[in-house]
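Structure first, then comments.
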Amino acid sequence: MQIEISAEKRELQGKGASRRLRGSGKVPGIIYGGENPAQPIELDHNNLYHQLKLEAFHASILTMSVEGQKEKVLLRDIQMHPFKPQVLHIDFQRVASNKKIHMKVPLHFINEDIAPGVKLAGGLVSHVLTELDVSCLPKDLPEFISVDVGELAAGNTIHLSNLQLPEGVEIPALMKGEDLPVATIAIPRGVAAEEAAGGVAAGDIPTSVQKKEGVAKEGEKKDAGKKK
């Protein structure tokens, strides 16, 4: 998904200038990194606010157009108002096509409804991670990574080493030997309690006990016959 952002160079800086800028419906921001100096910018608040709702905006290479000059950037930081739907400041980082980047990518969980642990055991899929830090060249950056839980049984766990990664994408945590859990299927307490209560069948009772009960019942039948 190609996303383009339009911005203008920001001449005035400082708290007062930023406050006036926000009052006029603009958002102060900055582009940094690479061989060029940092460039203060200003963006239209409404357009930016709607773009921020796109998942791909947070995990994709973006095309930044500053007064007609375009360059590739990544979203690096957003400052939001504590209780109003307002963007206070935004940071972008330039990217070079030949240098690896580190980026958090969202995880999309698929086939949850057909997982044996859900369909047969009544379990619930627990998302231990919802995003993943990856390393790759800009051209290889995925918008998301799919996690297939279609064969996951109750009590089992999917780890980082089980993920199917796009070509050219690496997981720094795995390279450090950290095979973190990604998703698991847990049995709710109510379901587990019902299974435990209903699990004591005749086959679960020791044979010696079953025999004693059988003898006792047979004796009761004979006594009843004599009384008649």
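Residue numbers in this text run from 1 along the chain shown.
Cβ atoms are placed via backbone N, Cα and C, with glycine included.
Under the heading region 'Disordered', Swiss-Prot lists 1-21 (among others). When the region 'Disordered' (1-21) is classified with DSSP, helix, strand and coil residues number 7 helix, 6 strand, 8 coil.
Only residues 6 or more beyond the boundaries of the compositional bias 'Basic and acidic residues' (1-13), in the same chain, are considered here, and those with a CB under 8 A from a CB of the stretch are 21, 28-29, 39-44, 47-48, 51, 54, 56-57, 60, 62-67, 70, 73, 143. Look at Swiss-Prot and you will find 1-13 (among others) tagged as compositional bias 'Basic and acidic residues'.
Positions annotated as region 'Disordered' by Swiss-Prot: 198-228 (among others).
What Swiss-Prot lists as compositional bias 'Basic and acidic residues' is 210-228 (among others).
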